[in-house]
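S.K.: My structure is below; once you've seen it, I'll send some questions.
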Amino acid sequence: MNAWEVNFDGLVGLTHHYAGLSFGNEASTRHRFQISNPRLAAKQGLLKMKNLADAGFPQAVIPPHERPFIPVLRQLGFSGSDEQVLEKVARQAPHWLSSVSSASPMWVANAATIAPSADTLDGKVHLTIANLNNKFHRSLEAPVTESLLKAIFDDEEKFSVHSALPQVALLGDEGAANHNRLGGHYGEPGMQLFVYGREEGNDTRPSRYPARQTREASEAVARLNQVNPQQVIFAQQNPDVIDQGVFHNDVIAVSNRQVLFCHQQAFARQVQLLANLRARVNGFMAIEVPATQVSVSDAVSTYLFNSQLLSRDDGSMMLVLPQECREHAGVWGYLNELLVADNPISELKVFDLRESMANGGGPACLRLRVVLTEEERRAVNPAVMMNDTLFNALNDWVDRYYRDRLTAADLADPQLLREGREALDVLSQLLNLGSVYPFQREGGGNG
């Protein structure tokens, strides 16, 4: 059956700031306390979406979350009106304010793990929300992510959206950032590659930085998504590269159809894994980047592998890269060698995503890949699909509500909270989502 990959990109939120919240993500730590520009960040993301849509790649948008997220501050014992809660937190425990104001939901590669209908036992598209258990600021995302995805994929005959796994370390799940799908045409059954960093009883794990994904979580997600057991491979990421800042697999590997583009040190037991994939995926091609040409450190600093590998109708592929790749002589030299080598990659497309990159999120972090048949695509909420009208409306919306300068101190400003809620109210109407945010359902949550 004919099917296409639709990229659903996260729209950067109004509180995008640099707080260094993500231990193990070296860009996040390095840019802590810098001044951010939320308006520019949102526009950089929108430009990528629009450019790819104009190039013929189906593209949609996932809206930001409500931030600062007052309900969690109340759970932590802060009381009074919303404004009083903000004031108390800023005075007594400012570190919490940064966590509940993080714009990290923009990295929707961590929103969920997707199983296309060609891979599932019941013939539906399945989406399992990620619990993002390893980081407090990200663990807050799952309930609203679930509401948003249910509003976008609202046809229950075609889509099954599953709640996140229990919030315990044993079941730490980071979503599609640790998941690859390999195969022929998108509408054909594919091989799902789940990548984990640790498992119970196995001492092979990183020592410097945390392994966020467990094998136990990956196995549970595969079950929830009803993936045909014959179409699943579980593989461990190389613990040594996690300790070098590869906190998700999409920082060291990216797949598309029959191609796996990865660093030669990406996986534990990589030789065996690639042999297994060759045996089980027709036409499988591994493009392994040697450490002698691109070190793991350079791969992390440029986000070479946090790229999007997209298929054209003629079978060729385009690699979507952050500007940092072009600015690194060694990485750019390798990429130009790749273009003339015998592989499907025939074009490099570079985007300036500096605002997101400084927090450790490149092109692949910003998108959730969903393979859909034509019938399934028609069942998606049409208001989120990118086109000229939506692009212009979202740009105007960003101009109206987003600040062009934000520091950690600004997060305590009650006006920022009010601006954010008004903006999301307007956006949820623009995208025909209904009342997906807690403040919409609770009348603002003042108490």
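From the backbone N, Cα and C atoms, a Cβ is placed for every residue, glycine too.
So Swiss-Prot lists these for the protein:
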BINDING   19-28, N110, 137-138, R212, D250, N359  substrate binding site
ACT_SITE  E174  active site
ACT_SITE  H248  active site
ACT_SITE  C365  active site, nucleophile
S.K.: Taking the Cβ of A19 (substrate binding site) as the centre, count every other Cβ atom within 10 Å, in any protein chain shown.
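M.R.: For A19 (substrate binding site), the 10 Å Cβ neighbour count is 23.
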S.K.: By a simple count of other Cβ atoms within 10 Å, which of R138, H248, the recorded positions in the record, is least packed?
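M.R.: So among R138, H248, the recorded positions given, the one with the fewest Cβ atoms within 10 Å is R138.
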S.K.: Taking just the CA atoms, what is the gap between L21 (substrate binding site) and E174 (active site) in Å?
M.R.: 16
S.K.: For C365 (active site, nucleophile), which residues of its chain lie six or more apart in sequence with Cβ-Cβ distance below 8 Å?
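M.R.: Non-local contacts for C365 (active site, nucleophile): W107, A109, N110, A177, H248, D250, N306, S356.
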S.K.: Could you measure between A19 (substrate binding site) and E174 (active site) for me? Cα positions, answer in whole angstrom.
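M.R.: Their Cα atoms are separated by 20 Å.
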S.K.: Around the Cβ of L21 (substrate binding site), how many other Cβ atoms lie within 10 Å? Please give the count over every shown protein chain.
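M.R.: So the Cβ neighbour count for L21 (substrate binding site) comes to 22.
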